Amino acid sequence: MSRISLSRFLIEAQRTEGNLPPELRLLIETVARACKAISHSVNKGALAGVLGEAGSGNVQGEAQKKLDVIANDILLEANEWGGSLAAMASEEMELPYSIPENYPRGRYLLLFDPLDGSSNIDVNISVGTIFSVLECPPGDVAPSEADFLQSGRRQVAAGYTVYGPQTMLVLTFGHGVHGFTLDREQGSFVLTHPDMRIPASTKEFAINMSNQRHWEAPVQRYIGELLAGTTGPLGKDYNMRWVASMVAEVHRILVRGGVFMYPKDARDPSKPGKLRLMYEGNPMAFIVEQAGGAATNGRMPILDIQPSKLHERVAIFLGSREEVERVTAYHAAD
Ligand code: AHG
Ligand code: MN
Ligand code: MN
């Protein structure tokens, strides 16, 4: 059987299912092209002098790596002229980026985490790009932060690219989740993982255990039960993984199940979690739900949260349905 490239997959989705507007198809193709360029930079590493610190900070108060800045610039440049977008927002930029006036303005808003897991870049461990697409509310003025503050349910597409042993793009536009592997010789993404589904049960969990003393009671209870294994109420032994790249953790969960958690942390009560809602939580929650899994902040589905600011943080529990439902029920019982 002939291979299905990303372009063919998207054109067929547009034609046969009628669920992919042409401007959105073009936008996804453009994001994929940008991710290919980011993949090349990530792969070159020290050979291209792209490792290490950029010497600057972002709005989150985090030191930027050179590749955080490079990936952000690649995404901005690739997406500003195509005519699909009204504005973009990024983890690395305090304010939304309006499409320059010399380019046509389209109907979508693109949000991204240009390089996720960037603490891993200098040690040659998987990193990724995460993106989310919303429709821009109608109006002829330049889009502002308020236009982005839509719940995750309103996303029209979301995806990530993982730069690992293989570079893979995983995508949803609300009709299942599909994975594409980059064929470097051909220069194209090829459909290798159609209809990805997350198993409902699992024996694998991911959490940064070093934060244990700062967790709330429901999380203490749940992790205690996982660690108790066959001797505890859950009656089975669990294994643990922590890559410290959310993209890599979510990818593992899509392939073989698992539960990923970044709970609220008592160290800074002003932050309801470490990860960001709009360009980490929402796109991953959309993908996970589309693959049959669940994603909550411990209290409610992430996709139902009404955001109040662009760089808002959120607690995250996502992955295999049984486990996410269990830890969410423990929060309700608290
Ligand atoms: P980013 O590199 O975009 O700031 O995101 C890093 C995130 C996420 O990818 C990962 O799950 C988590 O931070 C790792 O946190 P720890 O440093 O607590 O391990
Ligand atoms: Mn991130
Ligand atoms: Mn990042």
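Placement of Cβ uses the backbone N, Cα and C atoms for every residue, glycine included.
What you see is a predicted model, and the numbers here were worked out from it, not measured in a lab.
According to DSSP, L115 (Mg(2+) 1 binding site) is assigned to a strand segment. The Mg(2+) 1 binding site annotation in TrEMBL covers E91, D113, L115.
The Mg(2+) 2 binding site feature in TrEMBL is assigned to D113, D116, E280. Residue environment of D116 (Mg(2+) 2 binding site) contains 29 other Cβ atoms, counted within 10 Å of its Cβ in all protein chains.
All protein chains included, G117 (substrate binding site) registers 21 other Cβ atoms within 10 Å of its own Cβ. Residues annotated as substrate binding site in TrEMBL: D116, G117, S118, S119, N208, K274.
Marked as domain 'Fructose-1-6-bisphosphatase class I N-terminal' by TrEMBL: 5-194.
TrEMBL lists 198-331 with the feature domain 'Fructose-1-6-bisphosphatase class 1 C-terminal'.
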Any idea what the Cα distance is from S118 (substrate binding site) over to E280 (Mg(2+) 2 binding site), rounded to a whole Å? 14
Count of other CB atoms lying within 10 Å of the CB belonging to D113 (Mg(2+) 1 binding site): 29
Local Cβ density at K274 (substrate binding site) - other Cβ atoms counted within 10 Å: 19
Starting from the Cβ of E280 (Mg(2+) 2 binding site), draw a 10 Å sphere and report how many other Cβ atoms land inside it. 28
